């Protein structure tokens, strides 16, 4: 009976070692699980960006309003007969804002 107990104990120790430190053990499982969580977070960010880009593409394909808005905002374009006014904050506000952004 003693040899069987010793054999079973040795088998248990070997199995525990394999579970904790062996290939595909608990350590590898936790590392891979962390990698999966990080990849899922990256995928979620990229999916949100893709959804935003697809929405913008649909908006641009859908009508002239989006194209006109983009031309006005990014290129400062105006329609014939319109006057473009740019409101510039006074120097003291610009200096205060510039000082806050460089901190």
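Numbering starts at 1 and runs along the chain as displayed.
Cβ from N, Cα, C; glycine included.
Features of the protein shown, as given by Swiss-Prot:
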COILED    33-62  coiled coil
TOPO_DOM  22-103  topological domain 'Periplasmic'
TRANSMEM  4-21  transmembrane segment
Distal contacts, the coiled coil (33-62) - CB-CB under 8 A, six or more residues away: 70
Arithmetic mean of per-residue pLDDT over the topological domain 'Periplasmic' (22-103): 84
Helix, strand and coil residues within the topological domain 'Periplasmic' (22-103) as assigned by DSSP: 60 helix, 0 strand, 22 coil
